[in-house]
């Protein structure tokens, strides 16, 4: 990468706090941004744990450790929990997979978006309200004023995901981390929400880390791709170069797509014995 | 902020209507049960009235006078008609109308247990929040011990110890009774609620005395259910912490305290209200012992005396009142839980 990376991670590991010492994830070293980076891998490959570790959101039974984690030139691995709280949501924001579970069922939409703003900015109530309404408008939520007092169960999945996007974007973070943001949506909505996210990330100069198990989707939208397998990073390449990937896992993943052309043919099968993890 | 759009008067009324219907049905069941209990109780009110040595004719006359020789359905009808007029029968022990006696003693019990409920609910939820904020820490352990002590030490023993220490030894709290002797017979009790009546009497000393006398029994009674409220609320809070919305709240930058109060607590309202309602019914039962130990007038002491005298109308009247209160508490809780959950509104 020619430009300066926004986030640089070296030797990131996630382990159980008690029990065996073999890491669940890592050691991983990678760089993110500027622009959009995709993180792909099959279920259980450690994508979500990696994301949680980047935001220090691991459950109490797990812990992460890294030799170096630099965000915009600042070292994060020495931050205290209070400093992480100031960083999370303001500089690094998260969009989760399923709005039906990730939004609080007891709080109104307006309250939940407003909270993200309230936690990081000391603004008068009226101004906060304007900002929230603007954010709702920006992510394409219709009639924000009416929607303010609605509850998550009254929204469709697509609208729920737009609410989550508004929560993530309202503080104009430098890095937006989207953990399988479209897996809970149907195909039609999937592209709509993703297009919106790409567009907004681009418009506000945000870097994006897009986690997905859908390699073609990542290839369409991202500049660089990181490939994970069994907790390790097995490949990293430009999205444009996926056709000619050298890693056997990436090749298998890339070519393992049924289509009209492959009709009647056996899809490639990945042989784990070929694996030689990098990093 | 505009008026909440969720409040749909139509659904709210339909919901209240269905709750009211189930209340009425339960109440009908309660009436039938108390009537059957009175009809088949081994204590014969006619015999109680005329005594063992009365002649058969006198006995039959007494039975007729009490309406006991009528067929059961007719007796049930009479019982219901009496109830509609607020007639719960005549106490065989005192010769007074049971309804009138209950009207005098019930407010005292309601007052004591409501104050105990307020104390235990506020303290219980507060302790649960502390426990859930630092689970597994010494704070959590200390709270566990406190709650276990409160609910496992017998209330009559704790009551006697508290009286011996705080009243007899240190004179911090008021002794037995609801008021100091100086006020006990000088204050009018139109409502039967001692705090309210002593406040309205215009004598500051009387109100202070009522509070001093209320302190120990209310605290003891509260400690009796504090444990269950604290433990169950803590479990419910900790269970919610695994939800994904908690992860999103942390990702927004919220701290652990804010998450507990703003995100998790509202989601635990349902279980909390249920636990507190259950505690309320337990408190009304616990009031029986507390009132006896502290020599306070109340439904508990009334019922205990009625049981000793075999006073069937008094026992059944008190049972009916307690039953109605239980049904009302459960019904109101049910409605509150539904009204407070945006998904059920």
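Even glycines carry a Cβ here, placed using N, Cα and C.
Range annotated as transmembrane segment by TrEMBL, chosen from B:290-313, B:314-337: B:314-337.
Panel annotation: around the transmembrane segment (B:314-337), residues 15-16, 19-20, 22-23, 26-27, 30-31, 34, 37-38, 88-89, 91-93, 98-99, 101-102, 106, 110, 269-270, 273-274, 276-277, 280-281, 284, 299, 302-303, 306-307, 344 of the same chain, lying at least six beyond its termini, place a Cβ under 8 Å from a Cβ of the stretch. Residues 124, 127, 130-131, 176, 216-217, 219-221, 223-228, 230-231, 234, 286, 289-290, 292-294 of the same chain lie 6 or more positions beyond the ends of the transmembrane segment (B:142-170) yet place their CB under 8 Å from a CB of it.
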